[in-house]
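Q: The structure under discussion is supplied below as C-alpha cells; questions concerning it will follow.
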Amino acid sequence: MADRTLQTTAPGGKPAGRRPFDLKRQTGFSEIAWFCLFVLYAPIAVLIVFSFNDNRSVTLWTEFSLRWYRSALNNQGIQNAAMISLQVGAVATLVSTFFATLAALATTRNERFRGEGLVYAVINQPLMIPEIVTAVATLALFALIKQLTGVGGIGYLMLAHTVFCIPFAYMPIRARLEDMNLTLEQAAADLYATPLQVFRRITLPLMMPGIVAGAMLAFVVSFDDVIITLMVAGPGETTLPIYIFGQMRRGITPETNAVSTLIVLLSVVLVALLFFFGKRRR
Amino acid sequence: MTGDGAAADRTAGRSDRAGAAAIEIRRVRKVFGSGQERAVVALDDVSLTIRDNEFFTLLGPSGCGKTTLLRLIAGFEQPTAGEILLFGSHLEHLPPHRRPVNTVFQQYALFPHMTVAENIGFGLMMQGRPKREIDETVRRMLALVRMDDLAGRRTDQLSGGQQQRVALARALAPHPKVLLLDEPLSALDLKLRKEMQIELKRLQHETGITFIFVTHDQEEALTMSDRIAVMSDGAILQVGTPREIYDHPARRFVADFIGEINILPAELLETREASGGASARVRLSSGQVRLARLPDGPVAAGRVNVAVRPEHAGLQPAGEGAALTGTLSNVVYFGTGTHYHLELDGPGGEGGRFVVELQNRLGAGADHAIGARLGILLTDGSLQVLCD
C-alpha cells in the first residue's frame, strides 16, 4: 500500500512497461502518411509544373515560359466563363449563407420542436441524393417553369446553385453555434440587452467565423460544380469548369493547366485568408 | 483602508433602511418538464424575504433548487406559480433585460470578443448611458476590483481570479438593485477562494448593494453571510443568521449539513416561554433531565431528537450525574482541538456514537486512554430540540 503510493507520486514516474497508445509510433505510419500526401498532391504538382511549359505538349518538358498564362488571360471564352462563375458563385454564396444562418439559428437557439429531425434531413438533402438525380429533376422542373412563364435567364442557374450550397454553408455555422456557450447570451440579456441587441452584439460576432467558413465552403462548392450546371445552364451561361471540360474534349493544352493553376492559387488565397481571419478572432 | 468610515456609513445606512424588503418571494413553485412522469418539482411553494443591503446566502446541496431560485429572480426561468417582487414591484413577467438585477455566473460568461473594459461597460452601453459616464464608471469599477492596469486585455488572457473580478465588476457597473451570485467561487482554488470571500464581503460593504449568493459550501456561507437560507429538495428549511443556523438548527437536515453535530433521542417533558426563546425540559436516554432550546417550528410531543455541537459538550468522570456515559473509542487530534469519539451506553447495549470537541491548551497532554469510561457534560442550553 505504502509502496504503491510512493511509486505513483514519484516525480516523472510512469508505470513501467506500458506506454500510452501513440499512432505516430506504429510501424508504417510515416510511409502511409507520405503515400497519402503524394497521391493527393502529385497530380496538382504536375499540373502546375506543366502550366509553365513552353511546349504544346503536356507530357514533354522543353523550356520555362509564361505564354500559356498570357494566352489564357487573353482568351475571351475563359474570361467570360470566369465572370459567369464568379457571378453565380457570389449570388449563390450570399443567398445560401443567409438562409443557412437562419436555419442554424432556428435549429440550435430554439426549444426542440416537432419534426426538427425532418428539417435537418431536408436541409441536408443535397448531400444525400445523388447529384445527377437532383440535376435531372431540377432541369425538368425549370423547363416546365420556363415553358409556363416564358421567363429565362441566369437566375435559374443561380437558384440551383443556391440550393445545393445551403447544406455546405449550414454545417460550419451550426457547429459554431453548438460550441457557443448559451450563458453568454443570457449574460448579455442580464445586462439589459434586448433580444435584438443580444443577437447583434453577442451572437452574430461570435458566430462570424462559422458564417465566413460556411460562405467560403459554399463559394468553393458552387465554383466547382459541373453536373447540375451542365444540365441547368443555358446558352451564354458557361461557367469555368464547364468551359475547361469542353476544352478538354478537344485535347488538353497547357492553357488548361494555366487556368487550373490560377484556380488553385485562388483557393489557396481564400483558405489563407480564412486562416488569418480565424486567428485574429481568437 | 476604507475601515471605520465605511463601516459607520454602513451601520447608518442599515438603520435607515432596516426592514425594507429588497426581494420578496411569495409562494413560488417551479416545475420543469410536463406530464406525470417527466415533471420535476424544482421549487415547491417557497416564500422568502430578502432585506435591502443584506448579504443573503442560499445554501444547500446540488439539486436543492437554490440555482433555480436565483434564475427565477434573474428572469432566465419563469415561475410555474407564485410572485416575485423587487422593492414592492412585480418582476415575474418582465424579461431579464428589463429587471434591474445583475448576475455573476458560475463560469463568469465573459464576452470573449471584447476587452476587459468593454465587458465592464456593456451593461451601461445597453442602458444607453453617455460615453463619458461609461468610461468613468468602468474606470471606477476597475479600481474597485483592483484591475486598473488590465483594461485593454482580452478576457482569455486573464487568470481565473482576474476573470472572476471582471465578472464582478461587469455585474456591479450598472449599479443593480440586487446582485445575484451563482457559486462564483467554485472554480477557484482554495487560497484564491479565501481571498475572494473577503473581497466580496468588502465589495458588498462599499457598494451597499443587496447580494444574493448561492453556494453549497457551508463554510463559505457562514463566513460571508448576514443571513442564510438552508434549502433541500426544493424547499427552504430554515432562515437565520449564521449563528442562529449553526447554534440553533431547527431541522435534522440543517443540523447535519452544517458542521458536525450529535443527534440524540429524548423525551419532551414540559415547555416554557422565556425572553431568549422558548425552551423545554427533555429527558435523555440516560434518564438525566436537561433544559433544551426549542426551535421556531412545530415540535411533536413526546419523542423528539435533540442536537448538540461537539464543542458545546464536555467530558467528566463517569457517574456523578453525567448527562450520558460511554466508552472512549477514538481520539483525533487536529491542532486547535481534539475530537473524542465515544460509544454511548444504551438500554440495549448500543446507544450510538457521540463526539466531544475540546480545545487544546499548550502543555496539556491527552489524559484519556482509549477504552476509558467517561461521562459527557451537557449544560442547560447546549441542547437544541429539532422539529423532525
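The backbone N, Cα and C atoms fix where each Cβ goes, glycine too.
A TrEMBL annotation is a machine prediction, not a hand-curated record.
OK, TrEMBL features for this one:
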- A:82-274: domain 'ABC transmembrane type-1' (DOMAIN)
- A:32-52: transmembrane segment (TRANSMEM)
- A:84-106: transmembrane segment (TRANSMEM)
- A:118-145: transmembrane segment (TRANSMEM)
- A:151-170: transmembrane segment (TRANSMEM)
- A:210-233: transmembrane segment (TRANSMEM)
- A:258-277: transmembrane segment (TRANSMEM)
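Explain the structural surroundings of these features, please.
A: Counting residues 6+ beyond its ends, the transmembrane segment (A:84-106) has Cβ neighbours under 8 Å at 119, 123, 154, 157-158, 161-163, 165-170, 173-174, 177, 203, 207, 210-211, 214-215, 218-219, 222-223, 237-241 in the same chain.
For the transmembrane segment (A:118-145), same-chain residues at least 6 beyond its ends with a Cβ under 8 Å from one of its own Cβ atoms are 100, 103, 106-107, 151, 156, 160, 163-164, 166-167, 170, 227-228, 230-232.
Beyond the transmembrane segment (A:151-170), the same-chain residues lying 6 or more positions past its ends with a Cβ under 8 Å from any Cβ of the stretch are 84, 87-89, 91-93, 95-97, 99-101, 103-104, 123-127, 131, 134, 138, 142, 145, 214-215, 217-218, 221-222, 225, 228-229, 232-234, 237.
Outside the transmembrane segment (A:258-277) by six or more residues, the chain places 44, 47-48, 51, 68-69, 71-72, 78, 209, 212-213, 216, 219-220, 223, 240, 244 with a CB less than 8 A from a CB of the stretch.
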